[in-house]
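Accompanying notes for the structure given below.
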């Protein structure tokens, strides 16, 4: 299969409109991220109940993320994206009308959970399109751009737009506006990705062989030690991102006196920073080595900036300027894990879809575990207990990285691994 090599700073131009579709769709999906937990609490539910809704959402997202890579290879990335697009729109409407509209907690969990199954099909299937349409030694920067447009959508526009719309049309009006963005993103993807190159060998498999390949997305975790360790590091990667979106609105708004709009703007600055850091770390990963960037900048950087995100606002109180410092730091270092997306398919070059499914599963599990940790620890240790737990896990990830061996294009095996890795005893 021929690959189009035209690019701009690592951005594959043949997939440009696909990247734009991701940004627009995730803008709509991101509207709720930084205020929904607070809004559910305002409907009369406890912080733990609000966090559990996100936990269930994350569990559904993890399941969907797990199958998305293989399904995208079997039925093509575009068809998988369209399934996710339709599911998202249908269950978003049901969530708003029957869940939030009637303050019915059971229906909130049901429809929000099912909707959580939808967005990974749209989002992560595009990674399969990237992997099969760019050279492997450019994969890190191409996926860096993927996470950059993801950040533009879910974080920057997804946070800034609600900060201006909520004072005028309220939370529910803002959530209805999200539907328009997701509809637009889905249509852009449908039109622009019709002619992308996708592998054909999976589409000719028998039904039994297709299920066997789908199962490989799970079996890789115990047949390939490097995949297992990389999965654990990827799960830890975004704990603070998903966890802080749940617990920090309550700290900033209810405890420190920030308005909802101010908090949303702080959160948007975090995501705005990741636009540039995703691209930067993707490129640096190709220059310095994938695992070196992940270990020394991702793990250590996130451990320190997660602590700062709690202690600096606690020390300075209602200071918008000081709150931006840890937000920017968090945005810089969370993106240093970007090279992991290139590590997974490099570890299983003959089963890239299954490897990407494990990567996607790990991202989804992070979405699930981050609020789950908050649900367990918040009643006993308050916000600081959750922050310390996340920090400790980043330190664990630092040590796990030392055992991951991967051949990186452009690096000798010795250069890429020997100095950073230790043999299991």
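Even glycines carry a Cβ here, placed using N, Cα and C.
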Based on Swiss-Prot, are residue 6 and residue 134 on matching sides of the membrane? yes
Would you call the transmembrane segment (264-284) and the transmembrane segment (8-28) in contact, using three or more Cβ pairs under 8 Å, pairs 6 or more apart in sequence? yes
Under 8 angstroms for C-beta pairs, at least 3 of them, ignoring pairs fewer than 6 apart in sequence. Is the transmembrane segment (238-258) in contact with the transmembrane segment (173-193) by that rule? no
The transmembrane segment (8-28): which same-chain residues, six or more beyond its ends, come within Cβ distance under 8 Å? 85, 119, 122-123, 126, 129-130, 133-134, 138, 141-142, 144-146, 149-150, 152-154, 157-158, 161, 177-186, 188-189, 191-193, 196, 279, 282-283
Is the transmembrane segment (384-404) in contact with the transmembrane segment (81-101), using three or more Cβ pairs under 8 angstroms as the rule and ignoring pairs under 6 apart in sequence? no
Taking a Cβ cut-off under 8 Å, which residues six or more beyond the ends of the transmembrane segment (384-404) line up next to it in the same chain? 225-226, 229-230, 232-233, 236-237, 239-240, 243, 247, 291, 294-295, 298-300, 302-303, 306-307, 309-310, 343, 370, 373-374, 377-378, 417, 420-422, 424
Return the average pLDDT for the topological domain 'Cytoplasmic' (405-425) as a whole number. 57
Long-range Cβ neighbours of the transmembrane segment (142-162) (under 8 Å; 6 or more residues past either end): 7, 10-12, 15, 19-20, 22-31, 33-35, 123, 126-127, 130, 134, 174, 177, 185, 264-265, 267-268, 270-272, 274-276, 278-283, 285, 335, 338, 341-342
